[in-house]
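> Here it is, the structure, as structure tokens.
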Amino acid sequence: MTGIKKGKNKKKNMKNDDRYKELDSLITNGSEIGNNSGRSCVKRFFKIIGNEMKNNVYVYLLSILYLCVCVMNKVFAKRTLNKMGNYSFVTSETHNIICIIVFQLLYFIYRKTSSSSVYKNESQKNFGWQFFLISLLDASTVIISMIGLTRTTGNIQSFIMQLIIPVNMYFWFMFLGYRYHLFNYLGAFIILITIAVVETFLSFETQGENSIIFNLIMISAFNTLSFSNMTREVVFKKHKINILRLNAMVVLFQFFTSLLVLPVYNIPFLKEIYMPFSEMSTNINNGLRCLFYGENTIVENCGVGMVKMCDNCEGAWKTFITFSFFNICDNLLACYIIDKFSTMTYTIVSCIQGPAITIAYYFKFLAGDAVRKPRILDFLTLFGYLFGTIIYRIGNIILEKKQVIKSQNSNDSEAELTSIETSRA
């Protein structure tokens, strides 16, 4: 049995080695590339990309699906805020209730349809504090993001989202011991430079509904989001836990932990959303009437540059339900990608959603009143992000190759030890 197992591992490693031969010829053998024509290098480069996509077709199809869901989630989150941005607490808690019902129902169906042994083994493990920590971090992220989105325009929103990449890289390097290749840093640097150039151009434009303070609030949400992703990484890698169970329990905790973040609405310097506790019950009542009955309450002394946004509650429930649907799909796909692949894959996919969101704002049937006119700057930004992502992915491929070689050397050493022990016997 040992010989058969070693033979299978050797065959698998040989297959993986074939996958990286083209990469070696392009990256490692620099002198050979220098002697080839530019056309040959470009042809070889695209051949590597083709082989990469062929060998990971499932990953890329899943990534495209997740990308589409992410874009729709962010677009309808913004449309929901445009309709009832004065009632962020109401939309957040109502969304939590919907998620509780959906995830608990899905997990109940899973328990009934799965084998008893699988469910018994999983239910014996207690992840109480992990669930609480993830839910607390997610609740903080949702609340802070909702606050930031109230005065963050579509283009700025999509560009700020890309800052999650260096933030994730830093936290995973410091706390999870991730080690990156030079190409990972280069890819992230290209993306950051693209962001800097875009922000420089946009800073000369007049954007009345954009607020630097709220941009910074939205950026601060990345800290809690990164810690939440790290906790999920530890739970998925060290413990085998069902995705439905994770989301069902986390959203249940999140319904209560989000109440702990409630005092943020009472911070005086947040003038646009400042709401004393004495007005909380009135705000909740008006928010529910806006969501379910389409009644506008705040219609005077409101709008761009004013303390309050004007209510636009007609059809708010349709927009809100659509947002909840895509947000639930977003959570499930994100957990699945982290579970089956890695947080690196999740980071790469998250990178592309920025320019994708920007392009989505070109279409009125998606963006609604927040529709934007196409600009050359947006397409240059998309090119910069894609180029940085490709460089980032090449770094991952090189790291994967090193792991394969390390695993092959380890298997060869074990085979030699087994052979020596057999000869001695």
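Cβ coordinates are placed from backbone N, Cα and C, and glycine is handled just like the others.
Not measured: the values here are computed from a predicted model.
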> In Swiss-Prot, C290 sits in a disulfide bond; tell me which of C313, C329, C335 is on the other end.
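That record, Swiss-Prot, gives the partner as C313.
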> By the record in Swiss-Prot, which of N86, N229 is the one labelled N-linked glycosylation site?
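Record lookup, Swiss-Prot, feature N-linked glycosylation site, residue N86.
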> Identify the topological domain of L81 and of P374 in Swiss-Prot, and say whether both name the same side of the membrane.
yes
> Which of these links to C310 by a disulfide bond in Swiss-Prot: C302, C329?
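In Swiss-Prot, C310 forms its recorded disulfide with C302.
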> Considering only Cβ pairs under 8 Å, which range in 89-109, 158-178, 211-231 makes the most contacts with the transmembrane segment (250-270)?
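Going through each listed stretch, the top one turns out to be 89-109.
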> Just to verify a number: CA distance, C302 (disulfide bond) to N86 (N-linked glycosylation site), in angstrom, no decimals.
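With the alpha carbons as reference points, the distance is 11 Å.
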> Given pairs 6 or more apart, does the transmembrane segment (158-178) have at least three Cβ pairs under 8 Å with the transmembrane segment (211-231)?
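Taking Cβ pairs at least 6 residues apart, the transmembrane segment (211-231) and the transmembrane segment (158-178) are in contact, with 3 or more under 8 Å.
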> Among 57-77, 127-147, 182-202, 319-339, 348-368, which stretch has the most Cβ pairs under 8 Å to the transmembrane segment (211-231)?
127-147
> Over the topological domain 'Cytoplasmic' (232-249), what is the model's mean pLDDT?
75
> Any idea what DSSP makes of C290 (disulfide bond), helix, strand or coil?
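SS state of C290 (disulfide bond) = helix.
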